[in-house]
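Annotated features, as they stand in TrEMBL:
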type	residues	note
REPEAT	19-57	repeat 'HEAT'
REPEAT	96-134	repeat 'HEAT'
DOMAIN	96-277	domain 'Phosphatase 2A Regulatory Subunit A helical'
REPEAT	173-211	repeat 'HEAT'
REPEAT	212-250	repeat 'HEAT'
REPEAT	251-289	repeat 'HEAT'
REPEAT	290-327	repeat 'HEAT'
REPEAT	366-404	repeat 'HEAT'
REPEAT	483-521	repeat 'HEAT'
Amino acid sequence: PCCAIGPPGGADGDDSLYPIAVLIDELRNEDVQLRLNSIKKLSTIALALGVERTRTELLPFLTDTIYDEDEVLLALAEQLGNFTMLVGGPEYVHCLLPPLESLATVEETVVRDKAVESLRKISQEHSPVDLEVHFEPLVKRLASGDWFTSRTSACGLFSVCYPRVSSTVKAEIRQHFRTLCSDDTPMVRRAAASKLGEFAKVLELDYVKSDIISLFTALASDEQDSVRLLAVEACVSIATLLPQEDLETLVMPTLRQAAEDKSWRVRYMVADKFSELQKAVGPEITKNDLVPAFQNLLKDCEAEVRAAAANKVKEFCENLPEDNREQIIMTHILPCVKCPEVRLNIISNLDCVNEVIGIRQLSQSLLPAIVELAEDAKWRVRLAIIEYMPLLAGQLGVEFFDEKLNTLCMAWLIDHVYAIREAATCNLMKLVEKFGADWAQNTIVPKVLGMANDPNYLHRMTTLFCINALSDVCGRDITTKQMLPVVLKMSEDQVANVRFNVAKSLQKIGPVLEKITLQNQVKPVLDKLATDKDMDVKYFAHEALSGECLPYEYS
């Protein structure tokens, strides 16, 4: 009979009396939210019932009535993982296995995964004897279940019970894992492949060589690419377990095959795991095997693979043995720098790559790549290289920059894409911040001002945008003596767009100028623009006259 039981401390309202009958009613209620709430209160109910009634009434009820919405089952699978003390501690933890076993076979993946997570958790609380009597038989039942759902769940449980069972049971577990690796259902092979590395870590070395390697080779040649790419992930764990002399014969043939797999997803996984593989196999194999493989990945026909490999360039170079690091980078890696994403990745990590091989070497190898990117047909590639220009400037130094890259920076100012011209203007400002006003006065300012006479009005406007950006960093002297006269002269431009940008520029550079300059040179020009025949020119001239740069009495 179900009698009313009050939770400890007495909860508020009707919750203070909680018969198991009420729980049963709630779990049968049509309202999902009500069922979900009652599952979330399970620990309170169990606490109220006491350990014995939780074992004899609550758990059997939950085991028998597992059919519900996924979110309710998910909450139940999670709750049961924390139930050990509520059933009487480790001695009785096996009582939690039946409901979790049922949950590990349902159709919804997230519920199964949560049930497996809870089973893994409570496996640690089983004594070695209970593991063999209760837990391991559950794993066997799941592994030989009719539905693929139970067999996929089994894959996640082998590694947690293997270390603490007898050698006879260990042999059975290895056999079950072998069987699942060649299961007819791809989902099961996928689950086995995803746990291969984890299982290898708990096996004795002899069995890693005799069992795991053959499974690894088979899974890496599976007809499904989703299985093959998971075998690549396992490769990292397996390689770290084997002595160096066994790697060449047992792992490398399969890894070479994966790096050239017909599916780009598998090659992508190799590229993505490359730094980890490099550390696992050591310097000798890296030099002989991984360097050529890495070269191929950097030149892969799929952009996603090239990008994944490009992301590993920095780490790969840092992890190369010092005695031949520079030689490998110069002869094998940099010549592959043909694709924009690979080049941009090297350039974005330039400070790190520079530390590895030295700037002189690097600049000679990278310069052709930088020039090519700077003129790339895709404007987004040009934009990306502009954003790295201040970093390049800082690394290469002013002399090299002036000799090789200055022309590029000026060329971007007249690019046909506005976003490039805008970024190039901002880039000039950052370069002046790096190299100083004297450098700007001798190198940049004359070229910028020269564009004021360009027949293309867009280029003339770029002069104004550059002056806006440079006035602060160049300071009052250069602005007043060199830039201002050009701006004032441009107020007579035939194109209204240029004239109203003159008004905007005068407002922008005003705060840098002295009051007397504003009064004697700037105000007369703005007054004239304020009577311009073009409405926009008038508007911006009035804006400038009433702006902060010109004190009110001048307006």
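Cβ coordinates come from backbone N, Cα and C, glycine included.
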Secondary structure composition of the repeat 'HEAT' (173-211) [DSSP: H/G/I, E/B, coil]: 33 helix, 0 strand, 6 coil
Long-range neighbours of the repeat 'HEAT' (251-289), counting only residues six or more past its ends (CB under 8 A): 213, 216-217, 220-221, 225-226, 228-229, 231-233, 235-236, 238-240, 242, 244, 296-297, 300-302, 304-305, 308-309, 312, 315-316, 319-321, 324, 328
Rounded mean pLDDT for the residues that make up the repeat 'HEAT' (19-57): 79
Tertiary contacts of the repeat 'HEAT' (96-134) (same chain, 6+ residues out, Cβ under 8 Å): 59-60, 62-63, 66, 70, 73-74, 76-78, 80-81, 83-84, 87, 90, 141-142, 145, 147, 149-150, 152-153, 156-157, 160-161, 164-166, 169
